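Straight from TrEMBL, the features:
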- Glu175: active site, proton donor (ACT_SITE)
- Glu376: active site, nucleophile (ACT_SITE)
- Gln29, His130, Asn174, Tyr303, Trp423, Glu430, Trp431: substrate binding site (BINDING)
Amino acid sequence: MTTQETHTQSPILVFPTDFAWGAATSAYQIEGAVSEDGRGASIWDTFVRQPGRVVNGENADVAIDHYHRYRDDVALMADLGLGAYRFSVSWPRIQPDGSGAVNVKGLDFYSRLVDELLAKGIDPWVTLYHWDLPQALEDAGGWPSRDTAQRFADYAAIVHDALGDRVRNWSTVNEPWCAAFLGYASGEHAPGRREPAKAMHAAHNLLRAHGLAVQAMRAQRQDTRIGGCVNLYAISPQTGSEADVDAARRIDGLQNRFFLDALLKGAYPEDVLQDLGPMADFVRDGDMDVISVPLDMLLINYYSRFTVSGVPGGAASAAAAPTDSGSPWVGSEHVSFVNAGRPVTAMGWEIDDSGLYEILLRLAREYPRVPLVISENGAAFDDVVTEAGAVLDHERLAYIEAHLRTCHAAIEAGVPLQGYFAWSLMDNFEWAWGYGKRFGLVHVDYGTQRRVPKESALWYSGTIRRGGLNGPAE
Ligand code: IFM
């Protein structure tokens with residue numbers, strides 16, 4: 001079937017009329033302009049300058065220059081028919097040192113971006129933290145320090161106060177698992193520390209930061225919707241053996257339940273605390289009430305399934321870092337990640353949309369009543385630009401289509417799923433992997449900054465315009 005035909009067919013799998021159809025990005029991955037208009041340094045600015053941290057020594061000083069090209073980028077989103085755009089605010093643009101006076105020029109950038117989006121009929125969804133901690137706060141202890149959480153709440157209040165009149169949908173911390181465990185345990189991400197016990201404090205303080213921010217924002221106004229954002233994986237034991245089943249319990253505990261139970265049940269899972277032993281020393285009186293402040297929605301980032309074995313020394317970790325790093329699995333370092341034989345993306349991540357279905361149904365069953373949004377889902381593939389300048393990324397298209405079918409099936413099964421954001425709108429700086437891994441619906445030529453919608457973008461655009469998917473895949 002050609003794209004043309006796809007666009008003109010009437011949908012068979014219809015989504016709710018108020019479903020949010022979007023795409024997502026984050027500040028450090030796209031903006032560039034790292035030294036402009038008073039922006040301070042973030043931990044990523046420091047990290048990318050350390051030898052061996054990022055593939056090919058790449059950095060995001062320019063990235064895809066969105067800071068200067070945002071108007072064209074919003075026009076592109078409008079051409080594609082996006083209903084919503086999820087972006088993050090760079091904390092060091094707003095408070096260059098992470099606390100104190102506001103850098104008005106930084107705030108103005110996001111105000112102009114929001115106005116531009118609204119003028120084009122695109123709903124702005126703001127993420128307050130997507131990993132670019134001001135370096136000054138890291139110097140003062142970083143996320144393992146309890147004070148960083150309070151600083152975050154102050155910053156969140158500044159942004160919410162400035163944009164809350166125009167932005168309805170907010171999320172606090174993107175993927176606290178990554179910020180804590182890749183940043184402070186494995187060292188794969190900034191600030192590159194390998195201190196497992198501190199990583200547990202970081203995870204707890206990122207959750208406290210979330211709760212304190214929600215409280216501060218709610219005190220300002222009640223007409224905005226605020227959510228937490230977690231990256232969840234479907235987890236399977238390799239076999240039914242006791243060791244493999246226990247490995248699955250451990251990884252599910254640290255990856256999924258640690259965050260879900262804290263946010264939605266107000267307690268960390270007992271078995272995870274037991275696994276951690278003396279490292280479980282981070283909770284103080286009142287913390288769990290702060291963390292479990294009621295939410296308007298839960299944002300879920302889903303990419304893959306982990307198959308795990310309790311037998312040490314199994315196949316390479318599915319989450320393997322591109323550079324030399326430790327393990328992010330605090331207290332469960334002996335668990336191995338097994339290749340289950342599914343097709344993989346360019347990241348080596350196994351493709352499994354049934355894992356998303358599993359997660360959505362589990363959430364609806366075990367953490368009921370909270371509306372859900374898929375805030376990231378997508379895939380990196382090694383795109384090829386044809387002589388005619390097109391990118392025929394059928395694998396990415398198929399990935400997104402399969403996951404959207406899963407979303408539809410979950411809605412039909414009663415899951416309160418309210419939106420889907422493809423990751424990512426455009427190719428961008430993929431953290432420790434640099435520019436080598438492309439997740440975009442829109443291809444970016446990093447030499448010229450030319451943007452060209454890939455086949456997947458055109459397909460997604462048609463899907464949004466129809467409000468649903470065509471019948472069974474052909
Ligand atoms: O690029 C990242 C994003 O910043 C956070 N979630 C996963 C994406 C792909 O690795």
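Any Cβ shown, glycine's included, is placed from N, Cα and C.
Glu376 (active site, nucleophile) counts 23 other C-beta atoms within 10 Å of its own C-beta, drawing on all protein chains shown. Across the structure, the residue listed as 'active site, proton donor' and Gln29 (substrate binding site) are spaced 15 Å apart at their Cα atoms. Calculated from their C-alpha atoms, the gap between Trp423 (substrate binding site) and the residue listed as 'active site, nucleophile' amounts to 5 Å. For the substrate site, whose binding residues are given in the record as Gln29, His130, Asn174, Tyr303, Trp423, Glu430, Trp431, the maximum C-alpha distance rounds to 18 Å. Spatially close to Asn174 (substrate binding site) yet at least six residues away along the chain are Ser26, Ser88, Thr127, Tyr129, His130, Trp131, Cys229, Asn301, Ser375, judged by Cβ distances under 8 angstroms. Listed in sequence order, Gln29, Val54, Trp131, His189 are the same-chain residues six or more apart from Trp431 (substrate binding site) with CB atoms under 8 A from its CB.
Counting only same-chain residues at least 6 apart in sequence, those with a Cβ under 8 Å from the Cβ of Glu430 (substrate binding site) are Gln29, Ala380, Gly436, Lys437, Arg438, Phe439.
Under 8 Å, Cβ to Cβ, and six or more positions away along its own chain, Tyr303 (substrate binding site) finds Asn231, Tyr233, Trp349, Glu376, Asn377, Gly378, Ala379.
Counting every protein chain shown, 23 other Cβ atoms lie within 10 Å of the Cβ of the residue listed as 'active site, proton donor'. Within 8 Å of the centroid of the Cβ atoms of Gln29, His130, Asn174, Tyr303, Trp423, Glu430, Trp431, where the record puts substrate, the same chain has further Cβ atoms from Ser26, Glu175, Glu376, Ser424, Phe439.
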